[in-house]
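Colleague: Below you will find the structure I want to go over with you.
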Amino acid sequence: MARIDVNHIRHSYLPNPQKDADFALKEVHHTFEDGGAYALLGPSGCGKTTLLNIISGLLHPSHGQLLFNGKDVTRLSTQERNIAQVFQFPVIYDTMTVYDNLAFPLRNRGVPEADVDRKVRETLDMIDLAELAKKKARGLTADQKQKISLGRGLVRSDVNAILFDEPLTVIDPHMKWVLRSQLKQLHRRFGYTMVYVTHDQTEALTFADRVVVMYDGEIVQIGTPAELFERPRHTFVGYFIGSPGMNVMPVAIDGKTATIGSQRIELPGVPKTVTGNTGAGAIELGIRPEYVRLGRDGMAVKISKVEDVGRHKVVRANLEGREIAAVIGEDEDVPADPKVRFDPVGINIYADSWRVEMGA
Amino acid sequence: MEKTWNNKAWFMVLPVLLLVAFSAVIPLMTVVNYSVQDTFGNNVFFWNGSDWYTEILGSDRFWLSMVRNLIFSAIILVIEIPLGIFIALNMPKKGWGVPVCLVLMALPLLIPWNVVGTIWQVFGRIDIGLLGYTLSALGIDYNYVNDPTDAWVTVILMDVWHWTSLVVLLCYAGLVSIPDAYYQAAKIDGASRWAIFRYIQLPKMNRVLLIAVLLRFMDSFMIYTEPFVVTGGGPGNSTTFMSIDLVKIAVGQFDLGPAAAMSIIYFLIVLLLSWVFYTVMTTVDAEG
């Protein structure tokens, strides 16, 4: 196991990158602590797989340095880095049995056959394929095949890190849940450093201790699931995490007051750097639907629709010409003359899409 | 599941049946017709039963040319299949090299058989041919007109030059269809170059290899034009393959009965051997 330092890494797939837009990874600087379970979360094309492949050595970065436990491995090959990686689509060696598939990475490294046998049997039990050990891998179903891929990632105990590239995409929802909890258990038991790429927020939030949110080739926020929810550092994190995403609306700020159209909203504090600074670009107020209180007092809204999603209701409404969403309890009713209030705890202020701290 | 019978379906396949009948079955039947009768011209036929078959199967000449054919096909497969795989593995997978290689590979396949024969016939001549002249100048005793071994070497080289490309192109098609993830996983698993070939590339090429082996076997077993142009079946009878022999009997000696019987036997042998290849390779495929 190892601590992984990603040291100012930039990567472009073009031979001569000039502009920022030429880079698939703009600049990533981050440390994955030894034994941590990380999720790389972001939409398709944000550079998460690029970053993962740079860590595993399938790609060599255009700029920057990669350190494993302080040792520079930037130019080392995948084999020399001793990394396990599981891919989005199952990769199996068709002509081998399930057992031989799992033994393959060990045998390639000249592990004695007795150890191979012990490790493979352990892993087979872990992924619950023990009774298929002697079968040819090609006849299996997609999720069994993906379990073999997972197994090949887990069979070596001496790896520096295990990387997962959206490994559960092809697996059906129930099995997903089971496998994810197994991975989590394995992590607790063996303390592997795990990096898990996904674009599914539930997957990221349930798997990881710390979630790394990426957007457009950059890391926009790193935090625990709660931090990402309460204090999104970037409006993108607000949109991307939570269902429905955060309400974001342009406001004018004056001291402790924000103005939307004719409405005035009391802020919990004075946003730093915003007051009196007109050059800061677009100022926006973000509030999660969970903190929008629907009731008989506050700002008048027009309700456009109410979606009952089972555990709660999502109310879509119009405030001063802007769409906003609010979450109310399953048993609550929408009042006849609806008004909304923003809970100050849930208010965040953004300048140029980045969150600004609030002063007293 | 309940099977539904609908006799109208027969009408749907009728056009294809007619087409196949005209293109294959009817010509084949005329050959069968010749093979069981004797004629002295004027469209007068005498029933002959299996006499021609007995005659052909009892003649050394037939068996010798068949053995030559088998040896030739075996050598062709042993050289062209591994060589084709080797070249395909070393062809570029992207960039400007791809079209260049593909065109170069396709060139021999585009040349008509008799032209290929003529090219090599001239190429190997010791008085004016580049190959023959160079070898002679180097003091190597090479003469495909007089020496049976040299004749064989020339015919085999010619076939390798002409047809290895087919194996290359088929294998290449199989190789480029392998997703990148397989190679990435192999790197992660620490697989050696040989292991990548053995466990990823070869299994993925399985199907195209089956086609390549079948095509190359059938084609080489039926080879006619090129050796006919280069050696005319000689020296002696050393490169007289079954098809060349067949033409000698049918056109040279005008023995239509024995020639027809030989054609039928020839056809059945190709059919049988192709079936054996197919069965063996698909069984291995299913198990392997």
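Cβ atoms here come from the backbone N, Cα and C positions, even for glycine.
TrEMBL lists these features:
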type: TRANSMEM; residues: B:12-36; note: transmembrane segment
type: DOMAIN; residues: B:66-277; note: domain 'ABC transmembrane type-1'
type: TRANSMEM; residues: B:70-89; note: transmembrane segment
type: TRANSMEM; residues: B:96-115; note: transmembrane segment
type: TRANSMEM; residues: B:160-183; note: transmembrane segment
type: TRANSMEM; residues: B:208-225; note: transmembrane segment
type: TRANSMEM; residues: B:264-284; note: transmembrane segment
Colleague: Does the structure show the transmembrane segment (B:160-183) and the transmembrane segment (B:264-284) touching, where I'm treating 3 or more Cβ pairs under 8 angstroms (sequence separation 6 or more) as a contact?
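Modeller: Counting Cβ pairs under 8 Å, fewer than 3, so no.
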Colleague: Taking a Cβ cut-off under 8 Å, which residues six or more beyond the ends of the transmembrane segment (B:12-36) line up next to it in the same chain?
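Modeller: Here the qualifying positions are 47-50, 52-53, 256-257, 259-261, 263-264, 267.
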Colleague: I need to check the long-range neighbours of the transmembrane segment (B:70-89): which residues 6 or more away from its ends have a CB within less than 8 Å of a CB in the stretch?
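Modeller: Beyond its ends, the transmembrane segment (B:70-89) has Cβ neighbours at 105, 155-156, 159-160, 163-172, 174-175, 197, 201, 205, 209, 212-213, 216-217, 220-221, 223, 241.
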